[in-house]
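Undergrad: My questions all concern the structure below.
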Amino acid sequence: MGAAILSDLTTEALIPATAVVGIAFALVQWVLVSRVSLSPEKEANGAGNDKNGDSGYLIDEEEGLNDHNVVVKCAEIQRAISEGATSFLFTEYQYVGIFMAIFAILIFLFLGSVEGFSTKSQPCTYSKDKTCKPALANAIFSTLAFLLGGITSVVSGFLGMKIATYANARTTLEARKGVGKAFITAFRSGAVMGFLLAANGLLVLFISINLFKLYYGDDWEGLFEAITGYGLGGSSMALFGRVGGGIYTKAADVGADLVGKVERNIPEDDPRNPAVIADNVGDNVGDIAGMGSDLFGSYAESSCAALVVASISSFGINHDLTAMLYPLLISSMGIIVCLITTLFATDFFEIKAVNEIEPSLKRQLIISTILMTGGIAIVTWVALPSTFTIFNFGVQKTVKNWELFFCVAIGLWAGLVIGFVTEYYTSNAYSPVQDVADSCRTGAATNVIFGLALGYKSVIIPIFAIAASIFVSFSFAAMYGIAVAALGMLSTIATGLAIDAYGPISDNAGGIAEMAGMSHRIRERTDALDAAGNTTAAIGKGFAIGSAALVSLALFGAFVSRAAISTVDVLTPKVFIGLLVGAMLPYWFSAMTMKSVGSAALKMVEEVRRQFNTIPGLMEGTAKPDYTNCVKISTDASIKEMIPPGALVMLTPLVVGTLFGVETLSGVLAGSLVSGVQIAISASNTGGAWDNAKKYIEAGTSAHARSLGPKGSDPHKAAVIGDTIGDPLKDTSGPSLNILIKLMAVESLVFAPFFATHGGILFKLF
């Protein structure tokens, strides 16, 4: 079969070393961002060294403003946003902490009861002639892995939020020196988050495997089954982060837009709007903290799915550590590739004009994909034997190393295809969004119709891309092929996160510029950064949804194998009823999250109206609004409303598996996967298109756009209504659905031993 070139010892050194390099690079980027001062004294002393060509002094359009006051105002607003975001996340984590403790106990009780809490060794699941560690050990270590995954996910989200709130005002101040300076500050800040998350996720997983190995020894089957708890912990926290953060940000956004822009005709992020601070806080807790936890969960689950299948293939049977850790080596190579790619945006090429922003971000995706393809080839060549076997539903399938290369590569390139299709349907540079904007001529109703049609149509090519990658990767390497294809899609996660986080940071920067009373030219620059960020955020969501589909399928395959299901026959009533219920779940979940945003937004609208009507001088700008009350409304609503959707997702596999058994549960997982992916892509792209249609009219960069404007015109008001409807679709329901499909799959896999032994109580009774 041919041994791998890379030794086990080298592998054990390379993976943590790469993670440390990633963390070090993130810290360097943070130091560079921190050089932009929020102190007026340092600001004055620091003028004069400008790499961007606009001279070091504050540029002409800033004349008439007191520079000292601008910096002080920016610092005050930044502090308010940071304090609001930190306060919300601490409140959210208190509730999530209680859930983690309860669910950890459930994992221990369910898995421990498989063998009656026996401490005796048992026959291995896949090799009955061998002896494995007791089920009680699996229960303990799965619980520990769950807690580790949950804590890492929470830390990832929290660090992302702190970095974003640290960088937002600095991006605003740099916009005075040119759009290039502002872009680099926002992008470097995103890179800090991307590299910290990718490196921390890899390092914690690697350390967990090595610590667990001290107990498990040669029982790799038990070891990697327990490690799946890491993915479950990561996605559980991501669900609450995405739903809670999404409800928070969209309640504030909808309230601010409907009253401020539509009713009172004041600009976006106007300091007179009582909901403006809550809106900017929401960008950080939803789009940054929630998104960070979400992509960490995807990474953890795809790694765990690949490791579980590998442990019962020749890699695990022969105790070939280097080949076994192939998924982690792919992630390590991804960190190095993303590091090089980031330098293209921050050092090798310089942004000098607004129209260069979006191409620069797209270039990041293309460069990282091309470099990563070569990186995958190298890792595959040095880490895998020339021929090996992969577990394929009870039989061992012979696979060659070049076939595995194609599995990872097709996942990587499918991600790029999904990204570019998403960009085509959500960027206002192309006809689909321009058509949506044009439909605003005849009012909000036609805008909504065109936007919905765009979202439905945008599903077609991504689904074909996902289907092609599934077919090719399964043909080559069965379920392991699908798992590593998902990993391929996520291999450039550091760059993907940098691009994703850049959007909310730029959005916040624009809000701070407006609130600090900076000139119109500065706001135009931050709006250009934000518009590009909206498109890249949609691309990031496309990646997340595509990878979630592949991860979910890989986990589904591992679950079916672990639960000893020989075939999943859709003509069997047990399976078919599961399919129907599973396909319904994304609709139920979306209804709950949309209603939650609506209820919270209703309270916000009433509060904003109350303040405009009762605070004398608020519209004139002589009195200050009560920002704190709006922040409190968003916080209370999101904490209260995130629990029912979270409970639906977490309890469904437990209830179905326990009462109806593994066959019905397999139907539920398949149904939710097929249905959820379509709704998630459609919702995200519809919302993104409505948002950029509004920005297209506001920017007025073409004759067509100017004919629809300016701000406050009837077409613009129709576009604002479309954008408001799209907010919960693109930032709450859509992104949360990808967590639903993968979380139910990984939870089913973790609890599979219990369901296989004690599940299907109702069918056993009747």
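Any Cβ shown, glycine's included, is placed from N, Cα and C.
Features from TrEMBL:
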TRANSMEM  12-32  transmembrane segment
TRANSMEM  93-114  transmembrane segment
TRANSMEM  135-159  transmembrane segment
TRANSMEM  191-212  transmembrane segment
TRANSMEM  323-345  transmembrane segment
TRANSMEM  365-384  transmembrane segment
TRANSMEM  404-425  transmembrane segment
TRANSMEM  459-487  transmembrane segment
TRANSMEM  543-565  transmembrane segment
TRANSMEM  571-589  transmembrane segment
TRANSMEM  739-763  transmembrane segment
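Describe the structural surroundings of these features, if you would.
TA: Listed by sequence, the residues of this chain that lie at least six past the ends of the transmembrane segment (12-32) yet keep a Cβ under 8 A from its Cβ atoms are 6, 163, 188-189, 191-196, 198-200, 202-203, 206-207, 210, 321, 325, 328-329, 332-333, 335-336, 339, 342, 346, 494.
Remote same-chain partners of the transmembrane segment (135-159), defined as residues 6 or more beyond its termini with a Cβ less than 8 Å from a stretch Cβ, comprise 89, 93, 96, 100, 103-104, 107-112, 114-115, 117-119, 122, 193, 196-197, 200-201, 204, 208, 212, 215-216, 222-223, 225-238, 241, 288-290, 292-293, 296-297, 300, 750, 753.
Sequence-distant contacts of the transmembrane segment (365-384) (same chain, six or more residues past either end, CB-CB distance under 8 Å): 4-6, 11, 322-323, 325-326, 329-330, 333-334, 336-338, 340-341, 344, 401-402, 404-405, 408-409, 412-413, 415-416, 419-420, 488, 491-492, 495-496, 499, 539.
Counting only same-chain residues 6+ beyond the ends of the transmembrane segment (404-425), those with a CB under 8 A from a CB of the stretch are 326, 330, 362, 365-366, 369, 372-373, 376-377, 380, 384, 432-433, 454-455, 457-458, 461-462, 465-466, 468-469, 472-473, 476-477, 480-482, 484-492, 535, 538-539, 541-543, 545-547, 550, 684-685, 688-689.
Same-chain residues lying 6+ beyond the ends of the transmembrane segment (543-565) with a Cβ under 8 Å from its Cβ atoms: 125, 225, 228, 231, 291, 294-295, 298, 301-302, 304-306, 308-309, 312, 391, 393-394, 411, 414-415, 418-419, 462, 465-466, 469-470, 478-480, 482-483, 485-486, 489-490, 496, 662-663, 665-666, 669-670, 673, 677, 680-681, 684, 734-735, 737-739, 741-742, 744-746, 748-749, 752-753, 755-756.
Long-range contacts of the transmembrane segment (739-763) within the same chain: residues 107, 110-111, 113-114, 125, 135, 138, 142, 146, 225, 228-229, 231-232, 235-236, 238-239, 242, 294, 297-298, 301, 304-305, 308, 548-549, 551-552, 555-556, 558-559, 562-564, 574, 585-586, 589, 649-650, 652-654, 657-665, 668-669, 672-673, 676-677, 680, each at least 6 residues beyond the stretch ends and with a Cβ under 8 Å from a Cβ of the stretch.
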Undergrad: State, in range form, which of 191-212, 459-487, 571-589 has the highest count of Cβ pairs under 8 Å to the transmembrane segment (323-345).
TA: 191-212
Undergrad: Could you give the residue numbers and ranges of same-chain residues that sit at least 6 residues beyond the transmembrane segment (191-212) on either side and whose C-beta is under 8 angstroms from one of its C-beta atoms?
TA: 12, 15-16, 18-23, 25-27, 29-30, 33, 141, 145, 148, 152, 155-156, 159-160, 163-164, 223-224, 226-227, 230, 234, 288, 292, 295-296, 299-300, 303, 307, 325, 328, 331-332, 334-335, 338-339, 342, 346, 493-498, 500-501
